[in-house]
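Features of the protein shown, as given by TrEMBL:
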type	residues	note
DOMAIN	2-121	domain 'Nephrocystin 3-like N-terminal'
DOMAIN	204-278	domain 'GPI inositol-deacylase winged helix'
REPEAT	422-454	repeat 'ANK'
REPEAT	455-487	repeat 'ANK'
């Protein structure tokens, strides 16, 4: 009744003035075609055109490019920009608008529209109470689920509910993500976990875009933050709208479908080390440790419980890659996020299936990684310690040694120096990868610095070949043999010279490497070191 009264009054007001327009839209929860964000914008644009036909000029440029697709769900952002431009046209004047039945609008569309209107009007729409009531009920449901699942005591329940209310920022999706994340923790761990949760969906998106090793596609990002498709919108369309909420920080490269930062300065600002005294600005500061932990966990869970759960190798299976669009990123980069974490994090719990001695999931990940990187055949006997050494995951290596204990030094020596099918030890893998901290740990744990692989290469030769100066320096400090020869009778100095690594050559010469050494084919060091 109130809506009808307002509509009649506003319609009379508009008729009495040439400078006032009145438009209205009624959502219908029984008609899916009328309860989406795109349907609402289309309806309002149509009414504006009826009242001011000249506004057609704002549509024609986009229509010439997109034709009928301009009015589909994927074009919401374009339609909204057209709607905004129409409202600002001088021929329009004042516009009164009634949107009724928003409770019948689908959840994602409701969030989209409210954020758009809040940005459009400096005074904002008077819908806060309605939205807050819905969010409060949604939070209550999620807290009930968590309390049953993890048996929260009442004080903890109240605390979690308050945190959800403070951080949700009017976003149903974030609440769902946060609740899902908290299910992984025991009740005693929840308070710490809450500190690691991003403050809102905007921050969650920014965290991924800033911290990702490479630019993510819309599909990858939607999986990373667990976006679900809704009626009338695909998953990619939902994430596209969510990205738009992040304002001028982000841009979408339409050709590749990648989400990126508008400028390097934006990344520098978001990753600033100094805490901001302004709480609003501080909410836009990304903590690197928490960011790496969040991403490493999601990637790890995706591999262990999703994409590789059936224990098969996938790297060229188009259908599987489409079903698991986040597979490539998770396979290739989870370990890069895990490197900087503490060994106490639950992702390094050695009781997890991924870390078991005969884990097929781990083997599947390794084979998929090897295939994606085109590294040939995965060496046999690739133990967990070799994995940690190869990929530079120091906290995992630390946990392995903590679990093993190794009261017997002889057993420790043999474990650390086990070789794979290519004769490579953990130290050689760490040196080859340039993982200085892991090399240090292995040396402290009894790694044989003189060990050779089946090609007679040493850890020092590996480090020099791949130009890892810090590792070469560390190995030399631990008395690595500079005169050891590989199967072609090449010393580490010859290897460095062959590749033009002058800094490494200088280090080797300072450690009395033989500059006159020759290999099997008579080659000598000819490069001048200045």
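Including glycine, each Cβ sits where the backbone N, Cα and C put it.
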Self-check item: Local confidence of the prediction over the domain 'Nephrocystin 3-like N-terminal' (2-121), expressed as mean pLDDT
Solution: 79
Practice problem: On the DSSP side of things, how many residues of the domain 'Nephrocystin 3-like N-terminal' (2-121) fall into helix, strand and coil, could you say? | Solution: 83 helix, 14 strand, 23 coil
Practice problem: Mind tallying the domain 'GPI inositol-deacylase winged helix' (204-278) by DSSP state, helix then strand then coil? | Solution: 35 helix, 12 strand, 28 coil
Practice problem: Count the residues of the repeat 'ANK' (422-454) that DSSP assigns to helix (H, G, I), to strand (E, B) and to coil, and report the three numbers in that order. | Solution: 17 helix, 0 strand, 16 coil
Exercise. Run through the repeat 'ANK' (455-487) and tell me, per DSSP, how many residues are helix, strand and coil.
Key: 16 helix, 0 strand, 17 coil
